[in-house]
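K.L.:
Below you will find the structure I want to go over with you.
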Amino acid sequence: MPHQQILMLFGLLPVATNISTWWNFGSMLLACSTLQVMTGFFLAVHYTANINMAFSSIVHIIRDVPYGWLMQNLHAIGASMFFICIYIHIARGLYYGSYLNKETWLSGTTLLIMLMATAFFGYVLPWGQMSFWAATVITNLLTAIPYLGSTMTTWLWGGFAINDPTLTRFFALHFILPFGIISLSSLHIMLLHEDGSSNPLGTNSDIDKIPFHPYQTYKDLLMLTMMTTLLLMIVSFFPDIFNDPDNFSKANPLVTPQHIKPEWYFLFAYGILRSIPNKLGGALALTMSIMILLTVPFTHTSKLRSMMFRPFMQLMFWTFAATFLVITWTATKPVEPPFTTISQVAALMYFMFFISNPIMGWMENKIMKT
């Protein structure tokens with residue numbers, strides 16, 4: 001395609017002049033997605049979805065396959081980067097009121113659910129000790145569903161316990177779901193460009209827009225370069241920083257790890273699950289911790305879109321961010337006091353942010369009227 005046509009293609013995307021660095025994470029997510037699909041394909045070529053050979057095949061990839069160690073580490077750490085970017089992307093959407101583009105927000109939340117499912121299936125594939133037990137604990141939550149639970153669990157496992165059929169179907173799902181993510185990402189981007197992205201002020205930016213290229217492309221490239229540098233530094237110097245020590249041992253159904261936990265990016269949801277001493281209640285809280293994002297566009301009552309001029313909401317937002325980190329931290333700790341109490345308080349505060357959002361908006365409107 002000639003240079004002028006490329007310019008015209010990007011020039012057709014007018015964007016607000018005042019969008020900040022927080023708007024760069026969408027393109028970074030696209031880059032992460034591309035990296036995951038490419039490295040995932042080369043890993044799938046050498047991987048064996050069999051409970052007796054899965055762990056050995058990962059060892060084979062790292063030791064014997066040319067640049068296999070690089071592919072495996074890029075894929076594993078790339079997943080962590082993906083989640084760091086998506087959590088910042090969601091936080092920016094909550095802070096600046098991007099959720100008022102309802103279709104874009106709802107498609108994005110669906111993308112998050114698909115991404116979490118894909119990452120969970122991927123975590124099981126190495127068939128290490130923590131992979132096996134995390135899969136056992138999480139899939140067992142289906143049994144909490146009245147009437148259908150046991151049947152659904154047996155169907156998902158492919159038997160009466162996690163075994164070879166479970167690993168095979170998890171591999172199949174881990175392979176196929178990214179294609180759904182790519183399709184939904186395309187829809188997400190199309191829906192975004194229907195109305196155009198918001199800006200930090202939360203105002204209509206139609207009167208003050210600039211072409212996407214060259215301004216935003218270079219801005220995006222800077223952040224992409226920084227992310228790539230960080231990724232390569234971690235891959236080169238700290239490749240096992242996000243790994244669980246238990247996962248370096250092959251899965252053993254007869255030995256339970258002292259403390260079962262999923263990957264770090266699920267710990268906030270796992271912490272909420274553990275904070276409720278009831279199986280069904282915990283499973284519902286776990287589901288609601290993600291699903292509650294779907295309610296945000298419909299509970300916005302403030303006349304201001306962005307939190308930039310809403311000091312009370314800013315305080316609540318940063319309390320929410322701190323709560324997210326606290327739940328993540330408590331989920332890494334044993335189920336004993338004071339961690340159980342801390343996680344219960346933090347879980348309550350997590351949900352209180354979404355509940356008090358409309359009340360705070362209504363109060364702000366009252367204050368502005370007086």
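Every residue, even glycine, has its Cβ placed from backbone N, Cα and C.
From Swiss-Prot, here are the annotated features:
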BINDING   His75, His174  heme b b562 binding site
BINDING   His89, His188  heme b b566 binding site
BINDING   His193  ubiquinone binding site
TRANSMEM  25-45  transmembrane segment
TRANSMEM  69-90  transmembrane segment
TRANSMEM  105-125  transmembrane segment
TRANSMEM  170-190  transmembrane segment
TRANSMEM  218-238  transmembrane segment
TRANSMEM  280-300  transmembrane segment
TRANSMEM  312-332  transmembrane segment
TRANSMEM  339-358  transmembrane segment
K.L.:
Could you round the CA separation between His89 (heme b b566 binding site) and the residue listed as 'ubiquinone binding site' to a whole angstrom and send it over?
P.N.:
17
K.L.:
At a C-beta cut-off of under 8 Å, are there same-chain residues at least 6 beyond the transmembrane segment (105-125) that contact it? List them, or none.
P.N.:
47, 49, 54, 79, 82-83, 86, 89-90, 93, 98-99, 131-132, 134-135, 138, 166-167, 170-171, 173-174, 177-178, 180-181, 184-185, 187-188, 191, 262-263, 265-266, 290, 293-294, 296-297
K.L.:
Write out the long-range same-chain contacts of the residue listed as 'ubiquinone binding site', meaning residues 6 or more apart in sequence whose Cβ is under 8 Å from its Cβ.
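P.N.:
The residue listed as 'ubiquinone binding site' has long-range Cβ partners Leu13.
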K.L.:
Taking the Cβ of His174 (heme b b562 binding site) as the reference point, list residues of the same chain whose Cβ is under 8 angstroms away and which are at least six residues distant in sequence.
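P.N.:
Within the chain, His174 (heme b b562 binding site) has Cβ neighbours under 8 Å at Thr118, Phe121, Gly122, Leu125.
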K.L.:
Do you know offhand how many angstrom separate His75 (heme b b562 binding site) and His188 (heme b b566 binding site) by C-alpha?
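P.N.:
The separation of the Cα atoms works out to 24 Å.
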K.L.:
For the transmembrane segment (69-90), could you work out the same-chain residues 6 or more beyond its ends whose Cβ comes under 8 Å from its Cβ atoms?
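P.N.:
Counting only partners 6 or more residues beyond its ends, the transmembrane segment (69-90) has Cβ contacts under 8 Å with 22, 25-26, 28-29, 32-33, 35-36, 39-40, 42-43, 58, 61-63, 108, 112, 115, 119, 122, 227, 230-231, 234-235, 239, 241-243, 263-265, 293, 324.
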K.L.:
Honestly, do the transmembrane segment (339-358) and the transmembrane segment (218-238) touch, with at least three Cβ pairs under 8 Å and pairs 6 or more apart in sequence?
P.N.:
no
K.L.:
Identify, in sequence order, the residues in the chain of His188 (heme b b566 binding site) that are 6 or more apart from it along the sequence and have a CB within less than 8 Å of its CB; answer 'none' if there are none.
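P.N.:
Long-range Cβ contacts: Thr104, Ser107, Gly108, Leu111.
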